[in-house]
Protein chains: 2
Amino acid sequence: MKLLEQKIRSNGQVLPGDVLKVDSFLNHQVDPELMSEVGKEFKRHFADAPVTKILTVESSGIAPAVFTGYEFKVPVVFARKHKSVTLKDDMYTSVVYSYTKKVSNHISIARKFLSADDSVLIIDDFLANGQAVEGLIDIINQAGAKLLGVGIVIEKTFQKGRQLLDKRDIPVYSLARIKAFENGQVVFTEEQEKSDGTNVK
Amino acid sequence: MKLLEQKIRSNGQVLPGDVLKVDSFLNHQVDPELMSEVGKEFKRHFADAPVTKILTVESSGIAPAVFTGYEFKVPVVFARKHKSVTLKDDMYTSVVYSYTKKVSNHISIARKFLSADDSVLIIDDFLANGQAVEGLIDIINQAGAKLLGVGIVIEKTFQKGRQLLDKRDIPVYSLARIKAFENGQVVFTEEQEKSDGTNVK
């Protein structure tokens, strides 16, 4: 998605340790018009997928997820993060390790909002090591729901998240794919569309 | 806003202690089409206000705030919540007490996203005791920014939040105003438009 790549180039900050800071339009300050385009692009790509529900994780996933939900006209559920293990009967819970913050969080979704009848599209802001997405997939499996695909705003192709999903033939569509940081500059993969795989039927 | 009142009547759950649970369309599961209408209604009401930025607090404020930001074509900044007091030079920080959870949280916004040049509209999901809004106003004051008004999705008129804002002549517009819970049913104020005050110029 050219518009997003331009925004990353002009507004993203590359920090030591391969950290890309995009808090001026995605993570803290949000650009709603860009998020609307993000939602439209996910809809264009996953157009044929019979999505009944969109799942994400608070807080940075919410903006891209709700605009995508708006395009699909389906509800969006955002998993809540918890420090402690307060397992409750009425919640699906999974553990997510954050490599950035070096802590484990629990994420949970109320059982009443996800069932075996649901066909789910996961939307998240970043795919790096894939821990958040793995946590959501765990919850989808607990519910017996069907996973149709994963939509990511920014992917770091050099970290293991994408590989983990490809191995299990899960359709992943990332709007910006970063293959490296060189001299403080972002290098995107060249073959965006080709690497997106086929559409979900 | 009739559509919202209908949704609250049909999908809200009244729990003991005057708690209204709206996690099926606002707090956990989100109805993006309703949120889009919410954004349009805030735009209609605050149409003449020269808004440069919208402020909210993670996580439940994000969905209504980003759709409102979309209508105004301005950036949305969501304050981050922290348990601990990690005061940083590059952040504005305030303390917010939650009556529901009986804990104090710190909320913060990066200084670079709010300045004396900004004219701010606050959007939040609930107004009860007004603590979250007070925290955001504190941050707006620290930045020397101008507060144009407060847009609330659901207000409990019988708690003190609205009064605190009215005393300081801050324009507040709430889309659903609940004056009581009677026998597990929600009772809305009758004079919605009249009680909204005048438009912001």
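Cβ atoms are placed via backbone N, Cα and C, with glycine included.
Curation plays no part in TrEMBL annotations; they are all automatic predictions.
Here is what TrEMBL records for this protein:
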BINDING   A:Leu20, A:Asn27, A:Lys156  xanthine binding site
BINDING   A:Ala128, A:Asn129, A:Gly130, A:Gln131, A:Ala132  5-phospho-alpha-D-ribose 1-diphosphate binding site
DOMAIN    A:49-168  domain 'Phosphoribosyltransferase'
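In three-state terms derived from DSSP, A:Lys156 (xanthine binding site) belongs to an extended strand segment. Sparsest Cβ environment among the binding-site residues A:Asn27, A:Gly130, A:Gln131 (other Cβ atoms counted within 10 Å): A:Asn27. Largest Cα-Cα distance over the residues recorded as binding xanthine, namely A:Leu20, A:Asn27, A:Lys156, equals 16 Å. For the domain 'Phosphoribosyltransferase' (A:49-168), DSSP puts the residue distribution at 34 helix, 48 strand, 38 coil. You'll find the Cα of A:Lys156 (xanthine binding site) roughly 10 Å from the Cα of A:Gly130 (5-phospho-alpha-D-ribose 1-diphosphate binding site).
DSSP classifies A:Asn27 (xanthine binding site) as coil under the three-state reduction. Residues within less than 8 Å, Cβ to Cβ, of A:Ala128 (5-phospho-alpha-D-ribose 1-diphosphate binding site) and separated from it by at least 6 positions along the same chain comprise A:Tyr99, A:Thr100, A:Glu155, A:Lys156, A:Gln159, A:Gly161. The two recorded residues, A:Asn27 (xanthine binding site) and A:Asn129 (5-phospho-alpha-D-ribose 1-diphosphate binding site), have Cα atoms 18 Å apart. For the xanthine site, the Cβ centre of A:Leu20, A:Asn27, A:Lys156 serves as reference, and the other residues of the chain with Cβ at most 8 Å from it are A:Gly12, A:Val19, A:Lys21, A:Val22, A:Asp125, A:Phe126, A:Ala128, A:Ile154, A:Ile178. Residue density at A:Leu20 (xanthine binding site): 19 other Cβ atoms are found within 10 A of its Cβ, drawing on all protein chains shown. According to DSSP, A:Leu20 (xanthine binding site) sits within a strand segment. With a cut-off of 8 Å between CB atoms and residues at least 6 apart in sequence, the same chain places A:Tyr99, A:Gln159, A:Lys160, A:Gly161 near A:Asn129 (5-phospho-alpha-D-ribose 1-diphosphate binding site), listed in sequence order.
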